[in-house]
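Taken verbatim from TrEMBL:
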type: TRANSMEM; residues: 12-32; note: transmembrane segment
type: TRANSMEM; residues: 89-109; note: transmembrane segment
type: TRANSMEM; residues: 129-155; note: transmembrane segment
type: TRANSMEM; residues: 233-259; note: transmembrane segment
type: REGION; residues: 270-290; note: region 'Disordered'
type: DOMAIN; residues: 299-329; note: domain '4Fe-4S ferredoxin-type'
type: DOMAIN; residues: 350-382; note: domain '4Fe-4S ferredoxin-type'
type: REGION; residues: 720-933; note: region 'Disordered'
type: COMPBIAS; residues: 746-767; note: compositional bias 'Low complexity'
type: COMPBIAS; residues: 768-782; note: compositional bias 'Pro residues'
type: COMPBIAS; residues: 783-803; note: compositional bias 'Low complexity'
type: COMPBIAS; residues: 823-933; note: compositional bias 'Low complexity'
Amino acid sequence: MPLFASCPTITAETMTIGLLGLILSAPAWWFFGKGVARLVTFIRSGAKENTINDVAELTATSRLNQPGRRLATLVKEVALHTELARKPLVAAAHWLVMVGFLLGSFVWFEAYIQTFNPAGGWPLIGRTAAYHAVDEFLGVGTVLGILVLMVIRRLNRRRFYGSNERAALFVELVVLLEGAGMILVKAGKISTYPLLNHADWTSPVSGLIAQWLPANATMVSAFALLKLLTGMVWLYIVGQQLSWGVAWHRFLAFFNIFYQRNPDGAPALGKLPTPNLDATSSTGEDTPPGVGTVGHMPWKMLLDAATCTECGRCQEQCPAWNTGKPLSPKLFVRDLRDAALDGPAYLTLVDNVIEPDVLWSCTNCGACVEQCPVDIEHIDHVANLRRYQVLGASDFPSELTSLFKNVETKGNPWGRNSSERMDWIEAARRDGIEVPLAHEVDDFEYLFWVGCAGTYDDNARATTRATVELLHTAGVKFAVLGSDETCTGDPVRRAGNEFLFQMLAQENVNTLNNAFGNNDAAEEATSSRAQRKIITTCAHCFNTLRNEYPDFGGHFDVFHHTQLLNRLVREGLLKPIPRTSSDRKPITYHDPCFLGRHNKVFDPPRELLESIAGGPAGLVEMNRNRNNGFCCGAGGARMFMEEKLGTRIADNRAEEARSTGAGEVAVGCPFCNTMLGGGIKATAAAGEDAADAPQVRDVAVMLRDSIMVDGALPKPRAKAFLGTPVRRQRSETTVNEPAVTEQPTGSVGSVGSVDSEKPAAPAGSPAPVVPVPPAPPAPAAPAPGGAVPKPGGSASKPGSSVPRPGGAVPKPGASVPKPATPAPGGAVPKPGSAAPAPGSAVPKPGTSVPKPAAPAPGGAVPKPGSAAPAPGGAVPKPGASVPKPGSAAPAPGGAVPKPGASVPKPGSSAPKPGSSVPRPGGAVPRPGSDTDS
């Protein structure tokens, strides 16, 4: 008996249906192909990324580095849905829909055969049980997955606010019909051709539906046409709607994941890409860094914008959006996309496309980047727009004018005198606490970077004092820079003043290299002094020193103070006394964004708090914690701007902290301390006693209090290295490596190990003390006119200097010399002082600077310490000539060393080790000296 004797396979009706499918699909494919070509042209029209790092000149090339690893990341994220796994139900449903689209397209193309021959299919595999099972899984999975996603979308109106509902509904219906078409074609074939060997286990759903269908070949062909034309409608509509990211992400997401900043798939957090200011100023056009118009938008920004699915995960987590601010990361990206697609190249983005309040509401917390399932780099785009507003348009919030001026002229955001950086040190010394300065000691293991807040803010200064008391008690060999410190530049960079940040970064890298006793790659690899380890109590300093300074030649092992303190407790060098039940108050911990989400340091502060509270039961978590933590509102330079819109972000977080019932709110950042302290006060109930309110305290302060006996610190241990000195080579340092965690010596990965979210291994035995050779004797005085060598190294190259904002900026990583030693009675001119008269001779770096000659009669005398105007006034063109700091006209008869003068041998006089480039706004004071404002 013929297989299909009861029902023919090809009839006139099926032939007509098949031809209809071919005719209708032709224009659909043409329109879709045209849309693909337009989209490719759109993305390729973007500007070239012009950034630098410590490995490659252009980020455009670095987005293609490690292609094998990038491909592995792409496969992992797509196949395992790792970026969606935070919402398991959504991840599972979306995975079913994705597989139904990718593999289902193979089944979909089979419809071209089935419209002509209802019993037909792919040769060789079309009648196998395995193929029937996969067909069943894809059809049923697609229907179930899309139904779940449709319900979720309707139940989460706030998350999907602003998304294109029409586009989403269209895509959902197409996917639903595609899945239903796969099931119906199979069910029709079972009912019409029962001898096709469809085993029951391969057709659990379609087999049931087949019982309700007649045996009809034309019906099967019609079902195949439904499956085919549903896809054709999708191709036709989507090909003309390039702004429908909910549809185009099916294709673009693969490219966006592959070209993301980090080849290992880590979110684009931590550092900001560093613009190449030299290239910006050498283009011959008056084009400042950043993105100001549609024509400035780089290709990756366009790819991000076109890929956005409008899923709203970023919006759901954004602290600005959740407190009534106009910023939604989703709408921010959507508006950029729409402007790029429809607007002219000269269209200015801020004001015309992005409202200023939207741009300046961002705290750089990174929640949007962390949540995005297709790896969009929101913070980078915010930073680029801010750079243009500051350096190009000079249009930014008025509060930032004083921030820029204070940092440029005084080296700190509050405009305080640099001499005050010694006040807390002198107070600690009077109380018997050793706080050595880097240039006063022969060796040290950790350099404690105090930071501006740790020096000038009262609460943060208490954290600083507690930290040095703990280090002193544990016998840690540490040192501080004292008045040689200046701002790391985090707030000015996040606010958009890239010129000022790069100046500060180069200055600080030079200061740190000098403090560690070396200032070039060769010396870094061989120097025996110190460890190039830095600890800091500020999460913003931590992130900047660790992730952003490598672009400028600053390669250091940077630790947050909670990491080191946790190690000291685990190794028994500090012994907190657990609280008893009578004085035990629940503690809740707030994750600083730039410590937790940006650098994945979650466990050390929690382990410390558990040791203080008497166990895990003493620590209660807020609902939003770790990677899902909620910002305090201070990041992105928001610490220095008034919060005028919506409710204060800190108040929102304070309410959450109060809801835990905790008596203390532990923090690990001075900005968080200030913001949450204000939030706790602002959210106090009427008549609430301040003593009953939760107390906001740094983890270090709480640990210090827990080790005290009868109000006194334990007897300090003898000073010793915690571990064997290990020096990393410059080539071994990468800018995207995870944050290192201090671990007990003897445990695996004690240096450079990753801080995971799991508790660390038990403590090992303390490391033996490593003897360190004494520092070499001070060299003898140089011959008159001789060049002064750098401490611990060779003389710097003539002509190198620290640029002022707005001037030509040397490439990050270039050697920055120390300023010349002033002649008796002379002062080192402040950066920003007036340029010398044209034609005046400039002494080589390293020579003594005599007093300048008297000005010609009638000549204007510049005021000492005069500085460039803060941004907001006239912005100099990039590449403008700027005098070298410390340059001045030599006195008549002053000896100027000839180029190539030999460097004195060791034994000649040299500046004290630890001296550094002067901070913006003043001469370098000696430790303990008073400096006028």
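The backbone N, Cα and C atoms fix where each Cβ goes, and this holds for glycine too.
Curation plays no part in TrEMBL annotations; they are all automatic predictions.
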Criterion met for the transmembrane segment (12-32) and the transmembrane segment (233-259) (at least three Cβ pairs under 8 Å): yes
The domain '4Fe-4S ferredoxin-type' (350-382) - residue tally per DSSP class, helix then strand then coil: 14 helix, 2 strand, 17 coil
For the domain '4Fe-4S ferredoxin-type' (299-329), the mean pLDDT of the predicted model: 97
Cβ-Cβ under 8 Å with the transmembrane segment (233-259): same-chain residues at least 6 beyond its ends: 27-29, 31-36, 38-39, 42, 63-64, 70-71, 73-74, 77-78, 101, 163-164, 167-168, 170-171, 174, 265, 300, 303-304, 306-310, 334, 337-338, 341, 374-376
Per-state residue totals over the domain '4Fe-4S ferredoxin-type' (299-329) - DSSP helix, strand, coil: 18 helix, 0 strand, 13 coil
